[in-house]
Amino acid sequence: MFIFKRKKQVEMPLEKIPAHIGIIMDGNGRWAKKRLKPRVMGHKAGMDALQEVTIAASGLGVKVLTVYAFSTENWSRPDDEVKFIMNLPVKFFDKYVPELDKNNVRVQVIGDTHKLPKATYDAMQRACLRTKHNSGLVLNFALNYGGRSEITNAIKEIAQDVLEAKLNPDDITEDLVANHLMTNSLPYLYRDPDLIIRTSGELRLSNFLPWQSAYSEFYFTPVLWPDFKKDELHKAIVDYNQRHRRFGSV
């Protein structure tokens, strides 16, 4: 059992640590605007926040941390911003992977990665290769990821198996669909997030893990992502500890 010490408050036990946490990292641009800085500086600060949160989650015993790094819809942003964001994984992996490796963190990526710029793709591959034998927390980047696209592709794969008589339609189950989703590479027990956190005060999923989040608990905070550090993660988990997950039952 972990003990979280809140400032000027009593110690709060963390008896339930969510095995899989998903984070929609939102608010980088607004963080920069408040400080009269270019939007790209908010993305850079967000990268530093991710490193701190990852190490904190690993220390708490979280098994999987899935972070929404870049959606399929984000390509519509200004070209200069997209170019900068695409370079962030290169900087993140080069700067922080040695420390993540020391903490037994394994890096993994889901999304349509073949459409990424070569430098981004290569940096991603290097990070995954370096950490592939680690047995600790899985840092799962959703990069060029879209939930509806993921489900659509799963349906196409299953339909093709039916067309080729490899599969009977009556044999299609929820587990079968899940096995065709990008999260099928995660440990079976941890594929679906127990807790999804969204920063910046927005109250929506934005196409993030729509299938996998069916029974997730949600935590929305007005804190902008670059300001979401170790203490904010603890607050989210304290809130999670106060929930009673019923999974549709009473």
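Indices start at 1 and increase along the chain as displayed.
Glycine residues also receive a Cβ, built from the backbone N, Cα and C atoms like all the rest.
Features as listed in Swiss-Prot:
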ACT_SITE  Asp26  active site
ACT_SITE  Asn74  active site, proton acceptor
BINDING   Asp26, Glu217  Mg(2+) binding site
BINDING   27-31, Arg39, His43, 71-73, Trp75, Arg77, Arg198, 204-206  substrate binding site
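The structure, with features from Swiss-Prot marked on it.
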{"residue": "Asp26", "record": "active site", "DSSP (3 states)": "coil"}
{"residue": "Trp31", "record": "substrate binding site", "DSSP (3 states)": "helix"}
{"residue": "His43", "record": "substrate binding site", "DSSP (3 states)": "helix"}
{"residue": "Thr72", "record": "substrate binding site", "DSSP (3 states)": "helix"}
{"residue": "Arg198", "record": "substrate binding site", "DSSP (3 states)": "strand"}
{"residue": "Glu217", "record": "Mg(2+) binding site", "DSSP (3 states)": "strand"}
Distance from Asn74 (active site, proton acceptor) back to Trp31 (substrate binding site), taken between C-alpha atoms, in Å: 18
Which of Trp31, Trp75, all binding-site residues, has a Cβ with the fewest other Cβ atoms inside 10 Å: Trp75
Arg198 (substrate binding site), number of other Cβ atoms within 10 Å: 23
Cα separation, the residue listed as 'active site, proton acceptor' to Glu217 (Mg(2+) binding site) (Å, whole number): 25
Site with most surrounding Cβ atoms, counting all protein chains shown within 10 Å, from the recorded positions Asp26, Glu217: Asp26
Most Cβ neighbours inside 10 Å, all chains, among the binding-site residues Gly27, Leu205: Gly27
Alpha-carbon spacing, Asp26 (active site) to Leu205 (substrate binding site), which is rounded to whole Å: 11
Chain-internal residues near Asn74 (active site, proton acceptor), provided their CB is under 8 angstroms and they sit 6+ positions away: Val82, Ile85
